[in-house]
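Annotation source TrEMBL lists transmembrane segment at 70-85, 105-125, 131-150, 171-192, 238-256, 277-295, 315-334. TrEMBL lists H123, H275, H279 with the feature Zn(2+) binding site.
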Amino acid sequence: MATVVTEKLSRLFINVRQVPQLLAPLSPSTVSSSEVPKIFWKPYIHTGYRPVQQTWRYYFSTLFQQHNEAINVWTHLVAALILLLRFQQLSQRVDFGQDLHAQPLLIIIVASITYLTFSTLAHLLQAKSEFWHYSFFFMDYVGVAVYQYGSALGHYYYAIEPSWHEKIKGFYMPAAVLLAWLSCAGSCYAKYRYHQSAHLLSRLCQELPSGLAYMLDISPVIHRIYTASPSERADPALLYHKCQVLFFLIGAFFFSHPYPEKWFPGKCHFFGQSHQIFHVCLVLCTLAQIEAVVLDYESRRQIYSALQGDLAHNFSALCLFTVTCSVLTAAYMARKVKNKLSFKEE
């Protein structure tokens, strides 16, 4: 009997000793920039990269590991989950299926969740190979374009004042569609054509359409803020709108400038990168924006129902058109990347 118990305890001890091996990383830990293709390099970030050509299981497992994309993944993943919960709460009191005027609200929420999800997947899985690096970021740019359209629609539909609506109603939404698509196309081309985002032409292709899109999309909000009467300035929605503008401008600075890693080269491999700060600011911008739009939807119905009439279906069709054009553009660029990489291998 004692012998049997001893054997069982020995087996149990052996199995316990194997647990760390089972929980160990599925592949090597992070590597330096010299061990990955140049397309993966980030300015002033010399290590913390994940090795390429590993299994998909490995890259999914890095969600819980430390690497130079971990913060970027988690900031947008958490925000997407927060918005999913917010959408679930809203669906209990907003009839998205029957209320025609709730369709733009649904679009901006879904667009926000989409861009956050696509960004999460891009930063988590792009290290698989050069092809997947390009492809996942092209997908990310599609999400950004959809979000830009959703933002433009939300501001135009709910936040706009009648005086500004009268001035821009003839071109605002078509221009929003065009600039959203140009933002996607320009970002895809810049990624395909230039390795370093600091390249002047790369920044022009990526930032100029996005900048113009933002100036157009935010114009109803800016006009409303500056024309609000003293009694209207206490409106909670206006406070959220001001917050979203502030967070976006701060985020735009860190998107365009590699600080603080430029100030502390070799010290920001895992934490403190400009793109991480950009992610945090963009998340705060989006959350403030959604709250502002929800408040406008609930409190300004008399205004927007008179201005927009029964145009919500048309705006939904424009959203579908924007998505289709952006997806086709990303697919086309992914095909060009595949041909380019195949030619390089030959």
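For all residues, glycine too, the Cβ spot is worked out from N, Cα and C.
Close to the recorded Zn(2+) site, the chain also has E69, I71, N72, V73, T75, H76, S119, Q273, Q276, F278: residues not among H123, H275, H279 whose Cβ is within 8 Å of the site's Cβ mean position. Of the two recorded stretches, the transmembrane segment (171-192) lies close to the transmembrane segment (315-334), with three or more CB pairs under 8 Å once pairs fewer than 6 apart in sequence are set aside.
Between the transmembrane segment (131-150) and the stretches 70-85, 238-256, 277-295, 315-334, the greatest number of Cβ pairs separated by less than 8 Å involves 315-334. Comparing Cβ neighbour counts within 10 Å across the binding-site residues H123, H275, H279, the minimum falls on H275. Here the transmembrane segment (277-295) has Cβ contacts under 8 Å with residues 71-72, 75-76, 78-79, 82-83, 86, 90, 105, 108-109, 112, 116, 119, 147, 151, 154-155, 158-159, 235-238, 240-241, 243-244, 247-248, 250-252, 254-255 of the same chain, all six or more residues outside its ends.
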